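Here is what TrEMBL says about this protein:
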DOMAIN    10-301  domain 'Acyltransferase 3'
TRANSMEM  36-59  transmembrane segment
TRANSMEM  71-89  transmembrane segment
TRANSMEM  109-126  transmembrane segment
TRANSMEM  133-151  transmembrane segment
TRANSMEM  171-187  transmembrane segment
TRANSMEM  199-218  transmembrane segment
TRANSMEM  224-242  transmembrane segment
TRANSMEM  263-280  transmembrane segment
TRANSMEM  286-309  transmembrane segment
């Protein structure tokens, strides 16, 4: 397989379908070890795959305006509509909303779309300036380290108040993983060949060490190493080994990949609605997860047959 020339990666469809389900699960569960584990890898891996799916030739030869136009219906308009829906929801509940804060720190899960768009445009900028990929990757991993130490567990950390105006810090914390995926496709000849069982062993040990750090707290600088290695290992596994494999033909998982944006944007509305009627604690969080998955799936599946909804609300523009 050529990572650079191949155009379809069936394994990544399956992985992204599973990841979006894990995102929903992480939003349903109460804080604890399972949530810590999910947050340790699902977004870095999702973004690493996202970076890989962007071709370097496209980034270098396409204007910023054309890139924005490409994502206008795929992400931007659906995101704006979702922002409006969640805004109206909170206003109906008499929850105060600060417009400036909403711009810098989008509501709950809505940070992902502007973050992804910013990452794409940042890569475009670095390519325009011809910044060496190793410099960008090294600097982005240092940013990830800074985010991990200062903001990962304390996103509202006010140690440097002026940093507030830089917006949601996950953009900076996760960019390195996005860029890693990007260069794995852009420079396939530089990708080292490592046996898969070694990759999975190292990733597994790293995850174990991260879990241990919950119960035996260590300096964040120390716990960053297994976090970093875990996600590099998973991104390497997904792209180098799993991407060409047909991991599953399960229609539900593949549908979750196809309509991942719709599920991501609107699953939380089901959680909010269910939580307004039920007190969700303990085992009920599993019930909440099942309700959310089923309700979101059925809603998206049934309404995706409407071209207007599919295009403007779900961002699915393919035939």
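Each Cβ is built from the backbone N, Cα and C atoms, and glycine gets one as well.
As the structure is a computational prediction, the values presented were derived from the model and not from experiment.
The stretches the transmembrane segment (36-59) and the transmembrane segment (263-280) are not in mutual contact, being linked by fewer than three Cβ pairs under 8 Å (pairs 6 or more apart in sequence).
When Cβ-Cβ distances under 8 Å to the transmembrane segment (109-126) are tallied for each of 224-242, 263-280, 286-309, the top count falls to 263-280. Segment contact holds for the transmembrane segment (71-89) and the transmembrane segment (263-280), given three or more CB pairs below 8 angstroms at sequence separation of 6 or more.
Mean pLDDT for the domain 'Acyltransferase 3' (10-301) in the predicted structure: 92. With a threshold of 8 Å between CB atoms, the same-chain residues lying at least 6 positions outside the transmembrane segment (286-309) that come near it are 21, 24-25, 27-29, 252, 255-256, 259, 262-263, 266-267, 270-271, 274-275, 278, 280, 316. Same-chain residues lying 6 or more positions outside the transmembrane segment (224-242) and placing a CB less than 8 Å from one of its CB atoms are 3, 11-12, 15, 40-41, 44-45, 48-49, 52, 141, 144-145, 148-149, 177, 180-181, 184-185, 191, 194, 196, 199-200, 202-203, 205-207, 209-210, 213. The list of residues near the transmembrane segment (133-151) in space but at least 6 beyond its ends in sequence, with Cβ under 8 angstroms from a Cβ of it, reads 126, 157, 159, 169-170, 172-177, 179-180, 183, 186-187, 220-221, 224, 227-228.
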